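Asks: One structure coming up, written as structure tokens, with questions to follow.
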């Protein structure tokens, strides 16, 4: 079943088409370090973008991090994601794995990634290999280092903005709203700065351009092949920073003299591209990334600007540290949500039947919404990625079994609600209130089950290795006596909708 694009997706696509139409056959200008105005433009238009060259990082940390990348690659722990973009399933050209705080997740392109946990204090984590455990510990060490560097960079940015307060241009009033760290740097700002750099996950990336001959061309500036298209990073705490450690494998690290006369960027060297969102006046930047370089996107840069990754000729790893927005994205969160639904189940029933305490519409509506959340945001997201996480750790096995057991109890709760709707003697008004409360969730459940089932059977899904093949789970056949309701809810939804229509005058 084809998903209807969201209003945000439609608006983004319309902006892109308008921009391409406006450009026609011309390229927008962009700058590289070879251009005289490159650093001036960076300072004026991209002041919240910071580059730390490899020489500023200790050799010991470089060695550990680069060995950790190779370890994760050697053990087959990086995977191309089967993502959903505008209703189409696509395999990302970049292979990834999420490492971070135990129980955290990170969602991008309608795909929820689950952390391979790093060893935070007080945790007891088992990895499948000692080398993988050591690699995760190294990325936690890198995380700590990048956090310190980010806090320092944010403090420097705040100090610069503070120093500029007294030099307000004549055309700007003193109370003109400022974008940035704020006009008064104080103790609260210090707390804010630390929270904006409190990285809880890193998304590891790997790509070998030699094995990806069909990479897209950058469409606006003519920057060449892209490993990652123009985007804002998703699912982050507002105004939080992003820190990236880049490691391109052995190859041409410097431009040769023969290339110095070429316009634009050197296609053999990896670059990160930046542009102001939907701005065709300001030149873009293409910043070369050499082995061990780090860059930082501070404050609201990720919201006001877009970035892309421009492929070089050699394989490249990166570790991208983020403050993932986890208010609805941790195991603790979803377990707490799942505890709400069973609170409506009576405990004094002797057999396996489920009896409900309340048929209040608001209570039933909340229960069905939680039912959908655990099924489609957690269980199906996890199993759609096959058994990939077992390559690194079994940390998620028990929690997923627990969530599935809670979900199964919710199926029984839904069944009890449907029995109540059919009960003879139930007042019509009360029946209609119940139907109105649950119908939207049941309709969404049916549509989403059909969509996820189709995605698992798609041609591209069938090409994946056995341990990465999507699994449509939970799934059961009609004759499965252990399940109170069918997998396919088409008939039930149709019947409920008909009852509601009949009741209307």
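Cβ coordinates come from backbone N, Cα and C, glycine included.
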Asks: Same substrate site as 96, 231, 232, 233, 234 according to Swiss-Prot: which of 108, 220, 247?
Replies: 108
Asks: Which one of 127, 305, 307, 321 goes with 231, 233 at the Fe cation site, as Swiss-Prot has it?
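Replies: Record source Swiss-Prot; matching candidate: 307.
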Asks: Pick from 213-224, 333-344: which stretch is listed in Swiss-Prot under region 'Loop L1'?
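Replies: Region 'Loop L1', as annotated by Swiss-Prot, spans 213-224.
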Asks: Nearest to residue 108 (substrate binding site) by Cα distance: which of the binding-site residues 295, 317, 320 is it?
Replies: 320
Asks: If you measure from the C-alpha of residue 96 (substrate binding site), which of the binding-site residues 205, 295, 316 fall inside 10 Å?
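Replies: Matched binding-site residues: 205, sequence order.
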Asks: Rank aside, I only need the closest one: which of the binding-site residues 295, 317, 318, 320, 322 has its C-alpha nearest to that of residue 234 (substrate binding site)?
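Replies: Nearest by Cα distance to residue 234 (substrate binding site): 322.
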Asks: Check the binding-site residues 233, 234 for other C-beta atoms within 10 angstroms of each C-beta and report the one with the most.
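Replies: That would be 233, with the highest Cβ count within 10 Å.
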Asks: Roughly how many angstrom lie between the C-alpha atoms of residue 205 (2-oxoglutarate binding site) and residue 216 (N6-acetyllysine)?
Replies: 18
Asks: So what's the average pLDDT for the region 'Loop L1' (213-224)?
Replies: 94
Asks: Take the region 'Loop L1' (213-224) and count its residues per DSSP category (helix H/G/I, strand E/B, coil), listing them in that order.
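Replies: Secondary-structure breakdown of the region 'Loop L1' (213-224): 0 helix, 1 strand, 11 coil.
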